[in-house]
Amino acid sequence: MDFETLLSYEWGVMMPEFIILGVAVALSLIDLFMPENRNRQLLGLFAFVGIAVSFVSLLSLWTSDVTSILGDTFRLDSFAKSFKALLLIGSALVLLLSIHYEPKERIAYRGEFYYLFLTALLGAMMMASSGDLITLFVGLELLSISSYILVAIRKKHTLANEAALKYVITGSIATAITLFGMSYIFGFTGSTNIKEIAVQLASTSDENHQYVLSLAFLLTFVGLSFKLASAPFHMWAPDVYQGATTPVVSFLSVVSKTAGFVIVLRVIVSVFAQTPAGSSASMLMTFAPYIAFLSGATMIIGNTIALRQRNVKRMLAYSSVAHAGYVLVAFASLSMFMFEAIWFYLLAYVFMTIGAFAILQVVSQHPDDEDISIFAGLYRRSPLMAIAMTIFLLSLAGIPGTAGFIGKMNIFLGAFVVEPAHYVLASIMVITTIISYVYYFGIFVQMFFRPVEHTHRLEWPPGVIAVVVICVIGTVLLGVFPNIAYDFLAPFQHFSDFLQ
């Protein structure tokens, strides 16, 4: 590839990624030359500004046509734009939490947190725009390796070390399984380009090849299910959530999970949606019942085990497992509005989950003090924050008037509009949602109907207050006026360019 060819590419489509990369490199150099006793909070603010500028650059590309560069290894389509917006919004909110987290632990600011955070975000954004299995895998590893280190960033903390070890082991196994599945796809087609793979597989008719492709589908989907923390591949989540810091848990719960669904949609839908699997059904349609079974099991296991949890982080970990099941309902239904339903639900999930973790971060005065009883009497100590937490819990539970309700309703209706309708899956969704009321309202009871155990005044840093306010506004606004979000997607025409 000569210099003139490089100059001919439209590098502007990668501007959001270039900004994140540049800020991450700059932060690493600044941190290297800063005195050890200097406060690293400014690095966090610099990282936040970088994410904001990257988001603005993404908005400037919002109405641009589909563009691919570097041999179609990087493509900017409606799917990439919409999901990168989710990743940037979630990352910006988590970063505000992290800036005000470390002083509470009375440890020095560690600058590496911020550029590792940005590196993980960069990997997730690359996954959203990947048009090639190699680019997709590089993005996945950028996200995964950075996440492993972020979980273990408290090197002398026993629970953090245990969580990081479990995360590395399960994550490595998941990566190996995913790569094994992708190797079958490459071996069959001789290409790593997703578009070329889809074209070749669409013309496959030999029944002997169906077994190989079915194995590739199962291996790839099982490996990626670890990233989603869907049952039965969720066992790492509770321990990792309990051992990691609250900002890192927020990142894993929101940004990393969103990236997981991004790669599932990019690989599974792009490659297997048009691959024949006997009769007139595609391979994706053939495996839809298995995905539906996995979705139902994830909703049941996540919500029922959460009932037994006293540790709030472990409770929210199992809640996160259940929410992965809800999103998988949309994936199993394969309705024409699948992308919009998944995108809206993940947007609602960003606001209600990060908001809940923001309040937990302040209420939990000690890193290991995360029992549900820490919320006792919160309404008397901080009425506004108790009301805000109630809004987040209501949204997580799917109560009308909140963004969570609209997200669940869209997915629920999507399960009915397809042929054949997924009545059983929709019923499981309703029943498990009702079950979730028990453990969500357990926190509600602690806040409003239990006596105050701690009388000391809660300190609410400006960054945390900003996160809570933004999340409350987002949760309520999307619950009352959901068309605001859908109007945001109007230029994309139901993601019609996804398979082009």
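Using N, Cα and C of the backbone, Cβ positions are placed for all residues, glycine too.
Listed in Swiss-Prot:
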- 13-33: transmembrane segment (TRANSMEM)
- 42-62: transmembrane segment (TRANSMEM)
- 79-99: transmembrane segment (TRANSMEM)
- 111-131: transmembrane segment (TRANSMEM)
- 133-153: transmembrane segment (TRANSMEM)
- 168-188: transmembrane segment (TRANSMEM)
- 245-265: transmembrane segment (TRANSMEM)
- 281-301: transmembrane segment (TRANSMEM)
- 321-341: transmembrane segment (TRANSMEM)
- 386-406: transmembrane segment (TRANSMEM)
- 424-444: transmembrane segment (TRANSMEM)
- 461-481: transmembrane segment (TRANSMEM)
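In this chain, the transmembrane segment (111-131) touches the transmembrane segment (42-62); three or more CB pairs sit within less than 8 A of each other, excluding pairs fewer than 6 residues apart. Listed as Cβ neighbours of the transmembrane segment (168-188) (distance under 8 Å, sequence separation of 6 or more from its ends, same chain) are residues 133, 137, 140-141, 144, 147-148, 197, 200-201, 209, 212-213, 215-227, 233, 235-236, 267, 271.
Touching of the transmembrane segment (424-444) and the transmembrane segment (13-33) is ruled out by the presence of fewer than three CB pairs under 8 A, sequence neighbours closer than 6 excluded. Annotation: stretch 79-99 has the most Cβ pairs under 8 Å to the transmembrane segment (245-265), among 13-33, 79-99, 321-341, 386-406.
Only pairs six or more apart in sequence are counted, and the transmembrane segment (13-33) with the transmembrane segment (461-481) gives fewer than three Cβ pairs under 8 Å, not enough to call it a contact. Remote same-chain residues near the transmembrane segment (111-131) are listed as 14, 16-17, 20-21, 23-25, 27-28, 30-31, 34, 40, 43-44, 46-47, 50-51, 68, 72-76, 79-80, 83-84, 87-88, 91, 94-95, 98, 102, 138-144, 146-147, 149-150, 153, 193-195, 251, 255-256, 258-259, 262-263, 266 (criterion: CB distance under 8 Å, separation of at least six residues from the stretch ends). The list of residues near the transmembrane segment (461-481) in space but at least 6 beyond its ends in sequence, with Cβ under 8 angstroms from a Cβ of it, reads 93, 96-97, 99-100, 344, 347-348, 350-352, 354-355, 358-359, 361-362, 385, 388, 391-392, 395, 400-406. Within the chain, the transmembrane segment (79-99) has long-range Cβ neighbours (under 8 A, six or more residues past its boundaries) at 16, 41, 44-45, 47-48, 51-52, 54-55, 58, 61-62, 113-114, 117, 121, 124-125, 128-129, 245-247, 250-251, 254-255, 258-259, 262, 265-266, 339, 343, 346-347, 350, 354, 357-358, 361, 463-464, 466-467, 470-471, 488-489, 492, 495, 497-498.
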